[in-house]
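Here the structure comes first, spelled out in structure tokens, and everything after it is commentary.
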Amino acid sequence: MTEHAILVLEDGTVFEGDAVGANGLSVGEVVFNTALTGYQEILTDPSYAYQLVTLTYPHIGNTGCTDQDDEANKVWAAGLIVRDVPRRPSNWRSQISLSDWLAARGVVAIAGIDTRKLTRILREKGAQHGALMAGEIDVGKAQDAAHQFAGIKGMDLAKVVSTKQGYSWYEGQLDLDRNECKRAAPQYKVVAYDYGVKLNILRMLAERGCDLTVVPAQTPADEVLALCPDGVFLSNGPGDPEPCDYAVAAIKTFIMRRVPIFGICLGHQLLAQAVGARVVKMSHGHHGANHPVQDLRSGRVMITSQNHGFAVDEATLPNNVRVTHRSLFDGTNQGIELLDVPAFSFQGHPEASPGPHDVDVLFDRFITMMAAQS
């Protein structure tokens, strides 16, 4: 028999549905994501830590799950909210159904609710604190949990999701025809800061000839410089960049030493903070794989993958920083470059996973930048 589940928002709204994962209680910031595919990649993306993810596409789970699609070694999202989960997945790569995968990973999830109504609430009122409860239901307890959640603003989540020890990475993207990872001869020594890095980012860098050393978020700049890197990569990650003063301090050192820098997502915001800009909390953020972004230099419009709840305040950028990309949804900043130092960053996810690869050329730009410096 199907277990019951509820979703309670901080504004008092209660949604009733069916449990499609583990039983229990989970709290977080409720957000909506407009991607049609890639649910497994989304749930294992560390950038979704402490978030209850609503997927707006109605049928989620059609293709099942496979270990090869994980973006980290665990599920980082706080929970999953969907309209419908098909009973039988159909895909030649599928190893397990989404429901069984969620239960095995201990993820609380709800299906059978009006996700269109929920999305409209989040769009109009902004991201809400919420609580998911499955199994034994206690609405009052769930309401208390939703109200007691402190929220993501002010939380330093980068050091929570980051690796505790440094490691090397060599594998490129998976070649499905051969069932093996592509490899390229290493040409550039790159240190990648793990603020919540996705595996596909490391794969795309390795595939372009980067000899990668991944280091914890709080690694001091002098330890990185001792490795004599050709470039430093600032990864994606969850939460508010404001508490990450250790990261800003390290980035300032790299800028001063003119080490080539490429940042994405949280790394983009940290680079902006390092040059003196402010980062502000957005109403409901950008979460999806269909976000149009314009390259202001060429005028070209690209469809991008996005996942962030904070944005760089362009008005606070100094004169030596040029805005390179802007969202066509709301005009928020999507990219910057320093005019006097080899450093640039992008707010979205050029590695996609899930999503389009319109902006994966940014990885090539990083390679070109390192080649010019060397």
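Note: Cβ is positioned from N, Cα and C throughout, glycine not excepted.
For the L-glutamine site, Swiss-Prot records Gly237, Gly239, Leu266, Gln269, Asn307, Gly309, Phe310, and the single candidate of Ser47, Ser90 listed with them is Ser47.
Note: the Cα of Gly239 (L-glutamine binding site) and the Cα of His349 (active site) are spaced 15 Å from each other. DSSP assigns Gly239 (L-glutamine binding site) to coil in the three-state reduction, placing it in neither a helix nor a strand. The two recorded residues, Gln269 (L-glutamine binding site) and Glu351 (active site), show a Cα separation of 17 Å.
Excluding Ser47, Gly237, Gly239, Leu266, Gln269, Asn307, Gly309, Phe310, which define the L-glutamine site, the same chain contributes Gly196, Asn236, Pro238, Asp240, Pro241, Cys265, His308 within 8 Å (Cβ to the Cβ centroid), listed in sequence order.
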